Amino acid sequence: GDEHNSPIQNFLIQYEDLLHQPGVWVNLTEVPGSSITAQLLLSPYVYYSFRVQARNQVGYSQPSDSSAKYLTNPAPPDENPSNVQGVGTKPDNLVITWTPLTGFQSNGPGLKYKVHWRQKDVGKDWSSVNVTNSSHFIVTGTQTYVPYEIKVQAFNDYSHGPEPEVVVGYSGEDVPLSAPDDVQVKVHNSTLAEVHWEPVPTQSVRGKLQGYKLYYRRERGLHGAEEEFDQQEQHLTFNGNRSEGMLPGLQPYSVYSLYIKVLNSKGEGPPSPILTFETPEGVPGPPSFLRVINPGLNSLTLNWGPPVNNYGRLTGYTLNFQPVNTTNELGPLRKFSFKANETTFTLSSLNSSVLYKFYLSATTVRGPGPNITEEAYTAMDIAFIQPTVETDKGHTEPPHQTPPITQSLQPTFHKVPPVGPVFGTVNASAIEGGAVISWEYFGHHKNVFVEYNVENSEEDWKRELVNGTHSHTIKGLKPGTTYRVCVLARDGADQTVHKTNEVSVTVPAVPNRQIDIATQGWFIGLMCAIALLILVLLIVCFIKRNKGGKYPVKEKEDAHQDPEIQPMKEDDGTFGEYRSMESDTEDHKPLKGSRTPSNGTVRRDESDDSLVDYGEGGDGQFNEDGSFIGQYSGKKEKDTHEGNESSEAPSPVNAMNSFV
C-alpha cells in the first residue's frame, strides 16, 4: 500500500485461533519494514489465520486481508497447571486446587490432569487420580492438620506434560486438644500483673497456631466496704507462639481470677485451671461527695462522704482550700488533714462575701487519690444602719441602736443550694438581627450586665444592664456575624465580682428584601424617556432662539455690515453708533397703526420729528419698557429684500435702539 510520505518502520503479524478463540486477533511478532517475509514459531494444535499491519511514524495501517487457514499438528502439553494449593476444609479432608490450562496451551485434544498426593515425611507412595474438566479435587480420610505433598500434571491424547513441581498443603483443622500448663502470675503493682504459662505441644494444637487467649475477671475488693457488682469477664489475646504476657488495667486491692486457652483457625481449646491472685492497695478514688453547709460571715462548714472505691484501707482525708478574687486569681493555699472517720469540718476566720475553692482527697497507705472540688461564698456583711437625728429640735430621746443586719448566702440562691458557682448555665440563641441570652444566677449582687463584642476583633466590649431578669435580648447585631457574649455581676464600686465564661452566637444572615431600583426595567425606561424629552426640549429651544426669539441688534448689524455705514458725530447730538442705510430705511417705515402711502414709502419732512411717528403718541404700541424690538425683528427680514430707499438722517428711534 501507499506509505503516505512516511517510510514503513515495521510490520505487525497477528493471528486468529479458529479452533479455540475464533474472532480474537492476537499479536504474534513484529518484523522490520524492509522485510517482506517472516519465520514464525507456532504452537501445536492451533487453527491459524494470519494478517499484517504496517506501521510508520504516524501509526498503524488498516490490517490486511486474512491469510488462508492452517492447522498445526497436535503434541503433548509443554506446561502444567499453575497456582497449585492444598487446604483442608474439614478435619478429615484435603482440597487440592489449581489454575487449568487454556485450549491454546493444551497442544492437542483430550486434555486431562493427573493429581498426585502423599503425606509428607512418612515414606508413603504417591496416590493419584485423573481429573477432566475441573480445577479441584478433594482427598478424604486424611488425618487432622497434617502436611501433604501435592503435584498436578497435564496430559492429552498424545502424551503427558513435563514433570510438575511439588507443593505442600495441610489437611483440615480441628479445635485444640490441650490447655496450657503451669500458669503463674507475678504482680508488679496495684494495676499491673505478668502471666506465664507452658505452651501446648504442636500436635495437640491440631491446626495453625494463632496464639493464646487469656480470660480474667475481678471477683471482689479486699476491703469489703464497697458494694459488690457482677463483674464482667474480660479477655486479652497474645498472638503467636507465646509463653508470657502482661495484664494491665487492674483495680487495686482486689481479687482476680484467670485462665488461658490456646487458639487456632478453627477455634479455642480447653481452658487451663483457674488461678486467683490479689492486687495490692492503691490510691483511693475521690470522695463520693463534698458539700458546703451553713455559710456564715467568716465561716463555712464542709461535709463529705467516703470514696465509692477505696482501693485499700483509708487512712484519712486531705483538704486544701484557697480564696478566689474578683479577677479569678487564686490566693494562698491552706491545708488540713482529717482522720478516716471524720466527714465534717467547719472553717473559721474567713473573709465575708469571698469565694473559696476547696480540694478534698482521700488517702491510703499508697497516698492521696484524686480530688473532688467545690466552690462556695461566705455570707455578705451589711453595715449597721445609722439612725438620723434632727438638729435644732431641742432635747430628744437618744436613738435606739439598730442591730446589725446580716444576710445569709442561702436565701440568695433560688434554684440550687448556695454552694458552687454563682452563675449557672448560660444559653445563647440567635434571632434575626440579634440574640437572646439566658442564664442562672445565684448571687446577691443586683448589677448584672451582658457584655458582647465581635469575635476575634479588638473592639471594646459593649455592655447592657439586665437587673432583675435572667434573660436578655441583644438587638441591632450584624447579620452573619459571630459574637462573644458573657454575663457578669458588679458590686456598688462597679467592680466585677462574678463572671461567666464566654459563649459564641452567630446572628443568621437574612436575605436582602430591598429591591435595587437601578436595575428595574421600568426605572431604566423612565430615565430614558426623561432624557429623550429633555433632548427634544433643548432642540426646540435652540430652533426658537435661531428664529429670533432674542434679537441682538448690534450683533446682527455687525454680521451684515454695509460699506455705506457712517459714524455718527458726537456734535450731532446723537449716539455714537454706526448706522447703515438699511437701518435708515427701517426708520422711515411706519409703525403699526400708522398710515402708509400706496407706493410703500414714507417721506420724512423736516417737521416730521414728532414722537407720534415713532409710537410715542396714543397710537404707539411700545411695550412697558419702551422697547419695540419684537416689531423691529419681525420686519427686518422683509425690509432687507426691498433694499435701501434712501440715505436720510437716522431717526431718534433708531438711535434709541442702538443704545438699547
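Backbone N, Cα and C define each Cβ position, glycine as well.
According to TrEMBL, the feature domain 'Fibronectin type-III' maps to 1-75 (among others). Residues in the domain 'Fibronectin type-III' (1-75) partition by DSSP class (helix H, G, I; strand E, B; coil) as 0 helix, 32 strand, 43 coil.
The compositional bias 'Polar residues' feature in TrEMBL is assigned to 60-70 (among others).
Annotated region 'Disordered' per TrEMBL: 60-86 (among others), in sequence order.
Annotation comment: TrEMBL describes 80-174 (among others) as domain 'Fibronectin type-III'. In the predicted model, the domain 'Fibronectin type-III' (80-174) has a mean pLDDT of 93.
Marked as domain 'Fibronectin type-III' by TrEMBL: 179-282 (among others).
Look at the domain 'Fibronectin type-III' (286-382): DSSP puts its residues at 0 helix, 54 strand, 43 coil. For 286-382 (among others), the entry in TrEMBL reads domain 'Fibronectin type-III'.
The region 'Disordered' annotation in TrEMBL covers 392-411 (among others).
Look at TrEMBL and you will find 417-510 (among others) tagged as domain 'Fibronectin type-III'.
According to TrEMBL, the feature transmembrane segment maps to 522-543.
For 552-572 (among others), the entry in TrEMBL reads compositional bias 'Basic and acidic residues'.
Taken from TrEMBL, the feature region 'Disordered' applies to 552-660 (among others).
According to TrEMBL, the compositional bias 'Basic and acidic residues' annotation covers 579-590 (among others).
Annotated compositional bias 'Basic and acidic residues' per TrEMBL: 634-644 (among others), in sequence order.
Positions annotated as compositional bias 'Polar residues' by TrEMBL: 646-660 (among others).
Residue counts for the domain 'Fibronectin type-III' (179-282) under DSSP, helix first, then strand, then coil, are 4 helix, 52 strand, 48 coil. The DSSP breakdown of the domain 'Fibronectin type-III' (417-510), given as helix, strand and coil counts, is 0 helix, 46 strand, 48 coil.
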